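In TrEMBL this protein carries:
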DOMAIN    99-300  domain 'ABC transmembrane type-1'
REGION    310-355  region 'Disordered'
TRANSMEM  12-30  transmembrane segment
TRANSMEM  103-126  transmembrane segment
TRANSMEM  138-161  transmembrane segment
TRANSMEM  173-197  transmembrane segment
TRANSMEM  235-257  transmembrane segment
TRANSMEM  277-299  transmembrane segment
Amino acid sequence: MIRYAGVRVLQAVGVLWAAFTVTFGVLYLLPADPVQLAVGANPGVPVDPAAVAELRARYGLDKPVWEQYWTALEHAVRGDLGHSLSTGQSVTGALGQALPSTLGLAALALGLALVFGTGLALAAAYTQRRWLRGLLTALPPIGASAPTFWVGLILLQLFSFRLRLVPAFGGTGFVGTVLPAVTLAIPVGAVIAQVLYTGLAGVWRQSFVEVAFAKGASRWWVQIHHVLRPAVGPALAVAGVWVGTVLAGSVVVETVFSRAGIGRLTQTAVLAEDIPVVQGVVMLTALAFALVNLAVDLIQPILDPRVRQDVRRTRRSAESSSGASDVERGGKVAAPADPKVTGPDLESEWQGVVG
């Protein structure tokens, strides 16, 4: 298990490094000069070559690209993401000001998505009426395919302009966050519902479910206590993947609802070609993505014995390979490992869970 966790941590670090490198390369290849844009931001104002040269030297943009990359990477590891070319404010400070609003929005959206997706999947898997199951399973594809900006405009028209239940633009507090969170939660919850329902339908066909029924358990009890646990792993993985999508979707949602946050900061930085801010936003999104998926990877072996079985099998394969190498060097033949001795099979493990 320690090796499994170590591999996942290394993968998370690799994701962060790849995100930083790709972002740096893409922004470096942009045709426009961000320093020229920063100095001549006001139309009609002549650009001072001395000021441009000073800014280039201050931000290290006059150095070779490999030196710029290494310096930026070294500073990023220490938590220093540089300063905005447009405002001169530190990128860390700008992100710190915008993060609380977006973090609250993303947390509420993911919570609603989990409730909506889990409830819909459980209802569809539990019911034995074909027409109701068909209706429930038809809803997630509609929610997953609906454009985020279109959903936001529909919710604004209905709940703000017609019913006047929530403020239309610039709302603060919980009430002002509800509509943006629902807008982000609908596509995420729809995908979670699809994945979880598929997992539930597959687990319902396992033999240990019949064992639970034979012991007198009701259908609802079996679904909650025995079927849900092994089926929830893929849904958690999908939720982890969609964390980055929620943060990316905040750009559209915060624009539609006129909210301050990471999305609005990203929009402003992209229009101004403010490279340090854009790179800081990408790194923040990659960090959130890596941490959430790392947590999901570490939780899955606890929830699903099949993942633990894979971890054991991988460890035994590595030990067998190491033993085979030792045998080749020593000239002896080792007896193959007995699977009944090395660990319990999956069926017996689930019978222990059911029992």
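From the backbone N, Cα and C atoms, a Cβ is placed for every residue, glycine too.
Note: TrEMBL annotation is automatic and uncurated.
Contact between the transmembrane segment (12-30) and the transmembrane segment (277-299) is supported by 3 or more Cβ pairs under 8 Å, counting only residues 6 or more apart in sequence.
For the transmembrane segment (138-161), the neighbouring stretch richest in Cβ pairs under 8 Å, chosen from 103-126, 173-197, 235-257, is 173-197. The transmembrane segment (173-197) shares more Cβ pairs under 8 Å with 103-126 than with any other stretch in the list 103-126, 235-257, 277-299.
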